[in-house]
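These notes are about the structure you will find just below.
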Amino acid sequence: MRCFLLFVLSCLVAVVAPAQNPVVYRNLVLEGGGIRGIAYGGALAELQQAGILPQIKRVAGTSAGAIQAALLAVGYSPEEITTITFKTPIQKFSDGRFIFFGGLHRLRNRYGWYRGEKFKAWLEQLIAAKTGHPDLTFAQLHQLTYSNHFRDFYATGTNLTQQRVAVFSYETSPNLKISDAVRISMSIPLYFQAVFLDSTGSVISKPQKGEPADILVDGGIIANYPLNLFDDPKFLANPDLVVPPPFRNPETLGIRLDTDSQIAYDQTQAGLAPLPVLNFQEYVRAFYTIIIENLNRPQLTPADWQRTISVSTKGYGAKIRRLSEKDKTILLQSGHDGVQQFLKLKK
């Protein structure tokens, strides 16, 4: 009799207890990381195989992450993105006439040594191949999202004039071209020319001396990993759900690029892992890391780490330089490994 009662009770508990449904990720955020962004191809392929990527409705990114996110948004598959990153000689984007005197002129007047126009033309060609519109705007992309092949796109920039983060999307900048937003997001200060925007948010192609304008550069300065972009109940599958603050969207998944030592450090404590400084190159790396990471990392909470995939940079720096096929393959595999490890821990 006792066994029978226990059996009945267990059945009742099974019926009454709410099922623990797995989280369905609908938003994807890609961190900036320079040339190391090649690893995203492997990470995205792994997310595709796991059935996660097809559920994603919105993609966001900064700098190199914005490039890959934009390609995802207009319909490129992980395999196509990998092919593009492997075949594109990144050094060709260091453009501009009269490299020395022209560079000095651009640096003084447009705040960057290289023009960045070859990059923009390259991206517009890729956008046109999928949409038929090289000048595709955020509003036009949003209209295309009613088809399963497209996703809404979000990018960050740094507004030096207003001293704040700038977020570009169909909600904030409907008439801005996707290529211009990505061009802003990847504009490494002093390396690429800054982008000038007028009071309406339109790009000023030939700014005149003294003309009022907002000066925008790389979003990675203060928003390199904008995981909180979708931390609003309106981005939930059920936007009417009442969620107490502080709200962290469980349907958002992010991917970060970090060193092996930093990834291991993050598993046990907060803060930055120590970096050896034995030469000038390591000094520059340590200086860059402590500035950029301290502007971005403190906002991350324990809940944020639960929705973050960490991908090893395998010792490669963010600097724009030529990588061999072997180097690219190592980064690509690291992307696969990072996602596999994340999914393994989630089981």
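For all residues, glycine too, the Cβ spot is worked out from N, Cα and C.
Keep in mind that what you see is a predicted model, and the values were worked out from it rather than measured.
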Expected hit for motif 'GXGXXG' in TrEMBL across 32-37, 92-97, 158-163 is 32-37
Students should find that the motif 'GXSXG' stretch in TrEMBL, chosen from 61-65, 76-80, 266-270, 326-330, is 61-65
Just to be sure I understand, if DSSP states are collapsed into helix, strand and coil, how many residues of the motif 'GXGXXG' (32-37) fall in each?
4 helix, 0 strand, 2 coil
For S63 (active site, nucleophile) and D218 (active site, proton acceptor), determine the Cα separation and express it in whole Å.
6
List every residue in the same chain as D218 (active site, proton acceptor), at least 6 positions away in sequence, whose Cβ is under 8 Å from its Cβ.
G32, T62, S63, G157, T158, I184, S185, M186, S187, I188, P189
By DSSP, what is the split of the motif 'GXSXG' (61-65) into helix, strand and coil residues?
2 helix, 1 strand, 2 coil
Over the span of the domain 'PNPLA' (28-231), how high is the average pLDDT in this prediction?
94
